[in-house]
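Database features, via TrEMBL:
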type	residues	note
DOMAIN	15-399	domain 'Myosin motor'
BINDING	GLY109, GLU110, SER111, GLY112, ALA113, GLY114, LYS115, THR116	ATP binding site
Amino acid sequence: SLASIYPKDTEAPPAGVDDMTKLAYLHEPGVLHNLACRYGLNEIYTYTGNILIAVNPFQRLPHLYDVHMMEQYKGATFGELSPHLFAIADSCYRAMINEHGSQSILVSGESGAGKTETTKMLMRYLAFMGGRSGTEGRTVEQQVLESNPVLEAFGNAKTVKNNNSSRFGKFVEIQFDKYGKISGAAVRTYLLERSRVCQVSDPERNYHCFYMLCSAPPEDVKRFKVGNPRSFHYLNQTSCYEVANVDDAREYLETRNAMDIVGISQEEQDAIFRVVAAILHLGNINFSKGKEIDSSRLRDEKSINHLKIVAELLMCDEKLLEDSLCQRVIVTPDGNITKPLDPDSALQSRDALAKTVYSRLFDWIVDKINNSIGQDPDAISIIGVLDIYGFESFKVNRF
């Protein structure tokens, strides 16, 4: 019908326009057509006013991000040169200097759109403008980037649309002194997808660190009492155990090396992976009906064995751990009341514990990274880059 036909901008050039506010008609088909025309010419950036739209090229374009390109955009008037994320970063930096106030850049989009890579490039430009700062000859930008493998190991997972999808929001603060030089940085994380620890659907995976540990060298597999990922409930809810072109065994070693770089000691690394292994064994503890009404007990010898391993890995009392899973304590002014849990409630208690422990572990790692990077409490202003995890739209959406 005529109602579904959109007018075409006959005056738009065949190669498209670099700012979509120049289009005669700003309807969805016109916007998509303009982006497609530019993408066909490897023009992956397009403005819409002061907003930059980036289309993932799915190929390396090193010339687009080298030092020569940074020099071109340094101090250039916004809109004077072709659309580029360096223009956004430069405009942000200039506004901070001229207006003496903090700025922020929001990176948003679908999963797999290239948000995290874009964030890395933005930090490179800000480090280029802000000059060198940091310890042991490393720039703050380098220190932040060195933390990425660690954060990705514990905060990223394979999803339907992205083999390395960030499942948490990341706000990177680049801190500046009164001369506009970088004086520190901090990584703030938000909204870790805790539910993924206990519930995964095909063809996705749980967090990378679980599969890395299961593929670790034999001595570590034995020490942390792990093995085939198919033997763990939190991993075998899906048939996907491997990711194309990803070697989990190598990733484990690289993550260990990245931990060394950001100042996490060998003892702390061992403690981290003890917690990861404990969560896997926790998921294998099952319950059956107890002797009392609405009570529960460990279902079989396998569950008893997994409980012992969890208690050993977490260095806690086995009986107290069992009681915390099978009972709920209600605190009242007159004292504590212990209420037994039925098997279904005990399973929920088990999963809640796993999610809480993993979330606390992730927060501890982030704090450790921030201590390594070095924050400046006396910073005059900051430029914040928000890399929120990508959204995926399905017939049924859940968090």
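Counting starts with 1 at the first residue shown.
Cβ from N, Cα, C; glycine included.
A map of TrEMBL features onto the structure.
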{"residue": "GLY109", "record": "ATP binding site", "Cβ neighbours (10 Å)": "16"}
{"residue": "GLU110", "record": "ATP binding site", "Cβ neighbours (10 Å)": "14"}
{"residue": "SER111", "record": "ATP binding site", "Cβ neighbours (10 Å)": "18"}
{"residue": "GLY112", "record": "ATP binding site", "Cβ neighbours (10 Å)": "17"}
{"residue": "ALA113", "record": "ATP binding site", "Cβ neighbours (10 Å)": "18"}
{"residue": "GLY114", "record": "ATP binding site", "Cβ neighbours (10 Å)": "20"}
{"residue": "LYS115", "record": "ATP binding site", "Cβ neighbours (10 Å)": "23"}
{"residue": "THR116", "record": "ATP binding site", "Cβ neighbours (10 Å)": "20"}
Residues lining the ATP site besides GLY109, GLU110, SER111, GLY112, ALA113, GLY114, LYS115, THR116 (CB within 8 A of their CB center) are ASN56, ASN162, GLY390
Kindly state the mean pLDDT of the domain 'Myosin motor' (15-399) in the predicted structure. 92
Per DSSP (three-state), THR116 (ATP binding site) is helix
GLU110 (ATP binding site) - helix vs strand vs coil (DSSP): strand
